[in-house]
Amino acid sequence: RADLRRSSVYSTMDLVPQLDHYANSLPRQMIKSRPSLETLRKTPEYTHMVTVQMSHGCFLFLWEQMRCMLNIWGVIMFLRLSWITSQAGVVLTCVIIGMSVVVTSITALSISAIATNGRVKSGGAYFMISRTLGPEIGAPIGLVFAFANALACSLHTVGFSLVVRDLLHDFGAIMVDSINDVRIVGVITVTILLMIVLAGMEWESKAQILFFLALMVSFANYLIGTVIPPNDDKKAIGIFGYRGDIFVQNLTPDWRGPDGNFFRMFAIFFPAATGIMSGVNICGDLKDPATAIPKGTLWAIFWTTFSYVVIAVTTVRDASGNKSHILTGNNTDGCVGLACTMGWNFTDCSQSKTCRYGLANNFNVLGQLSGVYYIILVGIFAATLSSALGFLVSAPKIFQCLCKDQIYPYIIFFGKGYGKNNEPYRAYVLCFLIATAVILIADLNAIAPLISNFFLCSYCLINFSCFHASITNSPGWRPSFQHYSKWTALFGAVICVVLMFLFTWWAALVTWCIIIFLFGYVNYNKPKINWGSSIQAGTYNIALSSSVSLTGVEDHVKNFRPQCLVLTGPPNQRPALVDFVCTFTKHICLMICGDIILEQDRMTRPEDATDCLVKWLNKRKVRSFYTSLTADNLRAGAKQLLQASGLGKLKPNTLVLGFKTNWRDSAPESIEDYINTIYDTFDSNYGLCILRMVEGLDISDDLEYEVEEAGNVAFVWLCDTDAADDMSDEGSSDQMNTVFQNNQGKKTIDIYWIADDGGLTLLVPYLITRRKRWRRCKIRVFQERFRLRREKTCFAIYPFVEIKLFDMSRFVDSVAPFRLHDEQQEGVSVEELRQSTPWKISDKQFEAFKPKVGRTDVIVYLSTHLFVYLTRRSLPVPQSDCPSALYMAWLDTLTCGLHCPAVLIRGNQENVLTLYCQ
């Protein structure tokens with residue numbers, strides 16, 4: 001027992017640091033959480049004892065190293081390394097091995113860095129890439145890498161089948177023919193391997209240990225066989241022991257056949273180096289993968305590379321296998337080739353290209369060189385079967401992890417696990433079917449380049465993941481393995497891409513096309529997962545750097561954008577206001593939805609309200625920020641937003657709010673609050689837009705609904721919660737359609753540009769018509785003096801027409817409840833009345849304002865769809881002594897009775913348009 005609660009005179013609820021609190025990769029129901037600040041402040045103190053079971057993980061890097069070595073030592077080493085040496089020569093073969101080691105070593109360093117940066121779960125390369133670069137890149141490469149492992153299983157199974165077929169043919173047992181015999185043996189073999197895997201990881205682990213021991217014995221058998229003096233039988237097949245002249249002759253290449261070129265040999269050999277990922281692929285089964293993976297992988301690369309180099313080449317390239325071709329005496333007339341100096345004449349078969357033995361003609365040279373032929377066969381069986389078994393295990397594990405992340409919905413079926421070890425039986429069967437299909441090719445030289453292509457693609461993404469995570473300098477990138485370099489990782493990624501196209505250009509092209517397609521699919525669907533990837537860190541760095549660099553750029557009228565602060569409240573309660581601003585800001589301007597929460601409403605807000613509203617905006621495809629703050633009233637909150645919103649040059653310059661439709665029924669303080677917000681906007685040198693719609697903007701009454709559960713009625717807040725999500729899928733109104741989302745067709749936008757406010761009145765309608773839905777709309781500009789030249793604009797310009805649209809009685813009736821009627825009151829001064837009711841209108845103010853309203857000279861009543869409206873008297877900059885009720889009544893009178901949306905716009909008197917290029 002251990003007391004993890006800190007004993008403190010201040011709080012007994014505080015916990016000492018616990019690892020489980022930082023395990024964000026665990027399923028949500030398994031994550032342990034620490035007390036919140038609210039709990040620490042309000043909860044009574046108490047002492048709580050918890051039990052912690054301490055366990056010390058042992059260093060299992062030997063097991064991880066053994067798995068890597070088993071997968072690296074495979075069919076290529078036993079059946080193709082000698083043939084590659086005959087084609088490329090010793091020098092170029094060493095170059096091939098060296099280049100492979102460079103690629104795998106760099107990748108191993110990147111793997112070690114990523115694996116030690118956090119807890120690595122089952123899924124191997126896919127898990128590391130997806131959690132580092134994000135699902136957009138991780139998911140495609142996970143699918144490709146799982147497929148590559150399935151192909152690798154078939155490669156080693158085909159290698160095993162080739163040896164079994166040759167062994168059967170040596171005893172005269174032929175089932176069908178040489179090709180179909182490989183297919184039959186291969187299908188039977190992979191079926192048996194599937195049975196072993198289905199029996200559980202314990203059986204698979206025991207089998208791998210036996211394979212490793214058999215491989216060690218066979219390798220020792222080979223080394224012993226190379227020092228045993230050869231007899232005539234071995235000399236007849238070209239084996240003469242360690243000789244300098246043979247070594248010198250084999251230094252240079254001797255390309256033969258259609259596969260006779262350097263990069264083809266490289267492509268065939270490279271699968272021999274791909275086993276480095278075997279330990280990573282089963283990292284979920286390791287007790288301490290962060291320690292086992294770096295040590296095991298790097299040591300496995302070292303020992304397998306050493307084994308490739310020490311395989312001595314003691315065989316000539318061509319030999320007949322006929323003991324009668326031994327030379328008698330010293331007569332070498334007509335004999336051509338190095339074998340003549342050693343008493344053998346292989347000239348006839350060499351010139352006729354009918355030799356069956358030698359490095360260039362026989363794939364089983366290692367077996368012929370070994371001390372006991374059948375022991376090397378056991379080693380070949382162990383190498384091929386262990387590699388095939390390892391890849392048959394790793395491919396489904398990777399695929400299961402990909403399926404569980406639910407990035408691709410059509411493969412989730414294969415992610416189901418069974419038993420206490422969560423074995424992916426369905427994925428095992430799928431991998432078995434893929435491997436069986438590839439086995440039917442029955443050609444080792446055709447399968448190997450395809451596998452090289454897929455593995456190189458995976459290694460490229462692993463190295464790039466390490467580089468990108470390092471270059472972004474994210475605080476979350478803290479690998480305990482320090483022996484890596486971001487530039488080395490980048491070099492490894494580039495080398496992998498180059499080798500892909502040099503090996504098989506068409507396969508590389510197809511692979512990258514598949515990855516790009518899968519990337520586009522994930523990027524389009526945007527799965528609801530967040531792994532804190534380096535892509536996110538890089539995006540943050542770019543955004544931060546760009547924002548800071550903008551601060552040094554001077555403003556210019558040609559770069560002006562209406563950056564809007566929109567007082568929406570909860571955005572889903574005023575969708576029309578959100579959609580209106582989005583029509584001219586999306587992709588080009590800043591938009592911030594400001595939500596002012598009054599003190600009396602703060603406690604009724606759900607804790608996840610912000611997340612819900614951001615989800616609502618994203619679901620509506622509105623590119624906007626959302627910010628909320630608590631204030632005593634609308635004016636105080638708006639003033640704070642006007643002063644503090646934005647960052648650097650990304651700062652609002654225009655305030656957008658809805659028209660207060662219910663102002664007649666509102667308290668005078670509420671009207672005063674609303675109008676003072678407009679006054680503060682002008683005082684802050686902001687532009688102003690006020691949207692009014694006939695049906696109003698607030699739809700909160702339509703969004704409220706009740707959910708009955710177990711007989712209790714529960715209120716569901718107006719946000720995109722789980723309940724709202726479920727209902728919205730069934731067509732609920734949480735995403736209401738507004739007029740601004742419809743295709744407008746050939747309608748008109750009328751602009752009454754009376755006061756010269758800098759041009760914001762013209763700019764906003766123009767930006768609206770750039771949207772596809774509004775593109776066919778016609779803009780008509782009405783001017784009082786027709787001063788704007790037609791050739792300088794893209795608008796239709798008309799002379800101003802004076803028409804009185806409304807009855808003056810509406811204005812008089814609107815202000816009647818707010819008048820002081822001070823002239824009718826005796827003994828009381830106007831100042832005394834205004835002190836108690838500052839929003840009321842004196843008779844003098846009313847009479848002075850009445851002529852201004854009478855000269856409305858404004859609106860031509862046309863069948864317009866959007867009504868952009870601003871006159872020199874309709875939205876003036878009000879004087880400080882203008883009563884709020886009087887100003888509110890004037891705005892109401894100017895926009896009432898319109899069947900279309902009306903927008904009142906006022907710029908801040910600074911130019912936002914220019915008619916010149918400079």
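One-based numbering along the chain as shown.
Each residue, glycine too, has its Cβ placed from N, Cα and C.
When TrEMBL is compared with the stretches 262-284, 883-905, the one noted as transmembrane segment is 262-284. When each of the listed stretches 68-84, 184-203, 210-228, 425-444 is scored by C-beta pairs under 8 angstroms to the transmembrane segment (372-394), 210-228 comes out highest. In this chain, the transmembrane segment (184-203) lies out of contact with the transmembrane segment (210-228); the count of Cβ pairs under 8 Å, excluding pairs fewer than 6 apart in sequence, is fewer than 3. Counting Cβ pairs under 8 Å to the transmembrane segment (489-522), the top-ranked stretch among 137-164, 296-316, 450-469 is 450-469.
Under 8 Å from some Cβ of the transmembrane segment (90-116) lie the Cβ atoms of residues 81, 84, 125, 128, 132, 247, 250-253, 262, 265-266, 269-270, 272-274, 276-277, 280, 283, 289-290, 293-294, 297-298, 301, 305, 308-309, 313, 456, 459, 462-463, 465-467, 469-470, 479-481, 483-485, 488-489, 491-492, 495-496, 499, all in the same chain and six or more residues away from its ends. Counting Cβ pairs under 8 Å to the transmembrane segment (296-316), the top-ranked stretch among 68-84, 137-164, 425-444 is 68-84. Across the candidate stretches 68-84, 137-164, 184-203, 450-469, the maximum count of CB pairs under 8 A to the transmembrane segment (425-444) is reached by 137-164. For the domain 'Amino acid permease N-terminal' (10-47), the model's pLDDT averages out at 58.
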